[in-house]
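Each remark here refers to the structure printed beneath this line.
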Amino acid sequence: MEIEMNQRLRSVLYVPALNEKAMRKSATLDVDAVIFDLEDSVFPEQKAQARLRLAEFLAKEREQFHSKYLAIRINAQDTDFWKDDLSTVNQMKPDAVVLPKVVSPKVIFDTTAALRTSNGILPKIWCMVENPLGILRLEDTVENGIKAGLECLILGTNDLVKDSDLDPGKDRCNLLPWFSHVMLVAKSFGVAVIDGVLNDINNTETLRAESEMAKALGMSGKTIIHPSQVDVVNQCFDPSPEQVSWWRKIVEAYNRPEHASSGVINLEGTMVERLHLEIAQRRLQEYDRT
């Protein structure tokens with residue numbers, strides 16, 4: 001099963017809900033999605049203020065974000081802030097709600113049950129995968145969560161490293177088994193996966209390497225924390241002109257009458273099957289949609 005999304009998610013920017021300057025700036029950036037954060041970036045004593053500021057900001061400025069996908073990361077269900085956060089979500093009606101530290105589908109069902117809408121369209125659910133238990137139970141979470149609007153998984157790599165007591169290693173090689181399991185589950189049930197953040201905002205080389213690794217694994221994009229990271233991430237997740245040209249050649253070749261019933265064709269010295277046609281059509285649909 002493939003969950004259809006109408007927008008690419010190459011670059012997904014976290015913005016603290018208390019920082020109005022950063023929120024205003026995010027509307028001008030070439031990011032595909034913005035996550036307004038009520039969780040990690042807000043101290044407990046400032047949660048109420050952050051909710052109010054975010055509500056006031058979006059009431060005035062939402063149209064400035066145009067086609068950007070807007071999400072709100074709320075606090076965990078076992079905190080004193082969860083219910084008030086959901087009240088704010090019901091007021092602001094974002095495209096998605098981001099749930100932190102998910103380890104079972106229960107919080108997805110509980111969140112969906114608490115959401116209210118006037119037009120019957122509920123925000124989608126994005127789940128943070130950021131601890132060993134969450135990864136261990138991920139199949140159950142995703143298989144059942146998609147019944148309640150689960151659309152996307154976000155890797156919380158900082159917390160995962162902390163909670164698993166591992167050294168990521170060069171090029172995050174020690175995280176690869178964890179990533180592979182997440183991708184296996186996600187692809188089996190048709191949900192998107194977004195890579196975790198890079199805290200070193202000045203390290204363009206590492207940002208590019210992490211983004212290329214994430215794309216190679218089949219992730220849709222990467223979460224970022226600073227405007228300086230936008231262009232590199234977008235470039236990495238965008239197809240090259242050569243890739244786009246090749247996809248179009250495959251589609252054009254199979255559209256020729258002589259190949260209408262061909263299973264395999266020779267295209268410029270490369271044996272191309274209909275599965276490659278399906279890939280090309282899907283990639284072009286994603287590319288042309290933007």
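Note that Cβ sites are derived from N, Cα and C of the backbone, with glycine treated the same way.
Those TrEMBL annotations? Automatic predictions, nothing curated.
Copied from TrEMBL, the annotated features are:
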type: DOMAIN; residues: 10-227; note: domain 'HpcH/HpaI aldolase/citrate lyase'
type: BINDING; residues: R73, E130; note: substrate binding site
type: BINDING; residues: E130, D159; note: Mg(2+) binding site
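Within 10 Å of the Cβ of D159 (Mg(2+) binding site) there are 18 other Cβ atoms, across all protein chains.
In the three-state DSSP scheme, D159 (Mg(2+) binding site) is classed as helix. In this structure, E130 (substrate binding site) belongs to neither helix nor strand by DSSP; it is coil.
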